[in-house]
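Single-structure report; data block below.
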Amino acid sequence: MQKKRVFSGIQPTGQIHLGNYLGAIKHWVELQDEYENLFCIVNSHAITLPIEPIFLKSQTYELVKLLLACGISPKQSGLFIQSEVDEHPALAWLLDCQVSMGEMQRMTQFKDKSLKNPKSVNVGLFNYPILMASDILLYQSDLVPVGEDQKQHLELTRNVAEKFNRDFGNCFKVPEPLIAKVGARVMGLDDPKVKMSKSHKGANHAIFLLDEPDVIVKKIKKAATDSMGVIAFDETREGVFNLLNIYMLLSDESPEKIEERFRNKGYGDFKKELAEVVIQSLKPIQERYQEISDDEVKAVLNCGAEKARPLARATYQKAKELMGLI
């Protein structure tokens with residue numbers, strides 16, 4: 001029986017943090033045994049906001065190293081860079097011509113990013129969801145792991161695929177969302193009301209996968225809690241709940257077992273143990289990261305691109321012919 005194909009993309013716009021790992025990458029690693037996976041470094045998406053070319057290039061390779069260190073296996077999955085497959089922007093143009101302005105103007109993420117960077121709003125940022133649709137549809141993807149903030153974009157992708165198939169003939173699979181039950185939203189340590197982010201300015205906001213042990217201890221020690229002093233899984237107590245969620249996801253212990261473990265302990269003891277759990281969980285990733293050479297990264301990317309290009313080419317040629325393009 002043929003495995004279903006999963007497509008996932010990640011931007012090379014900064015250091016990978018614990019939220020990226022628990023919310024997406026750890027899930028991707030677990031998917032490898034069950035599905036055929038394509039993991040794409042979506043560097044073309046990264047230029048929709050200002051970014052230094054040298055930084056973008058170095059971060060692209062650093063991200064590949066970290067994904068490999070986390071457990072993405074080139075023997076099980078295709079790992080490649082978006083800009084090395086020319087059909088991504090080519091198909092995006094075909095899809096651009098099928099989507100109304102009204103549908104695009106309803107995209108909430110464009111509005112949010114425009115407010116944060118009003119001087120840097122460009123057409124690429126507006127068209128971001130169409131390029132994302134192209135990324136997914138090129139590979140006849142069955143499933144797409146998405147967080148809450150990407151659900152609207154996947155819905156647009158589904159609508160675009162259905163409309164194209166209806167207007168021109170069957171071309172695209174209509175992908176389904178694959179949503180992790182837990183871990184999809186890890187919040188900031190210093191502000192548990194916002195999702196952990198690479199771009200947040202707070203020095204103690206995020207734990208990065210390459211943070212030294214003493215840095216991790218310091219960040220967790222300063223993490224927001226409350227004045228109640230009771231360690232329990234209560235979503236209304238955002239700070240404590242966020243830290244407990246991290247502990248649960250890394251330790252694989254049940255909420256009941258964790259609450260029992262810390263029943264008569266204070267936040268100081270809990271944070272100390274949480275820091276140790278985080279440090280021990282990241283240790284093998286950090287060790288593997290140091291072992292990966294630049295040559296290994298390039299070999300993995302070449303192999304991934306060779307796997308991706310024929311799939312993308314076949315879909316693009318079919319879409320092009322159905323639209324009457326020579």
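Each Cβ is built from the backbone N, Cα and C atoms, and glycine gets one as well.
Features of the protein shown, as given by Swiss-Prot:
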{"type": "BINDING", "residues": "GLN11, PRO12, THR13, GLY19, ASN20, GLY147, GLU148, ASP149, VAL186, LYS195, MET196, SER197, LYS198, SER199", "note": "ATP binding site"}
{"type": "BINDING", "residues": "ASP135", "note": "L-tryptophan binding site"}
{"type": "MOTIF", "residues": "12-20", "note": "motif ''HIGH' region'"}
{"type": "MOTIF", "residues": "195-199", "note": "motif ''KMSKS' region'"}
Among GLN11, THR13, ASN20 [binding-site residues], residue with fewest other Cβ within 10 Å: THR13
Cα-to-Cα gap, LYS198 (ATP binding site) vs ASP135 (L-tryptophan binding site), nearest whole Å: 23
ASP135 (L-tryptophan binding site) versus THR13 (ATP binding site) - Cα distance in angstrom: 18
Tally of residues which DSSP labels helix, strand or coil - the motif ''KMSKS' region' (195-199): 0 helix, 1 strand, 4 coil
ASP135 (L-tryptophan binding site): tally of other CB atoms within 10 A of its CB: 26
Spatially closest candidate among GLN11, ASN20, VAL186, MET196, the listed binding-site residues, to the residue listed as 'L-tryptophan binding site' (Cα to Cα): GLN11
The motif ''HIGH' region' (12-20) - residue tally per DSSP class, helix then strand then coil: 3 helix, 1 strand, 5 coil
Protein Cβ atoms within 10 Å of VAL186 (ATP binding site), excluding its own: 22
Spatial neighbours of MET196 (ATP binding site) that are distant in sequence (at least 6 apart) but have CB under 8 A: HIS17, LEU18, GLY19, ASN20, VAL186, MET187, GLY188, LEU189, HIS205, ALA206
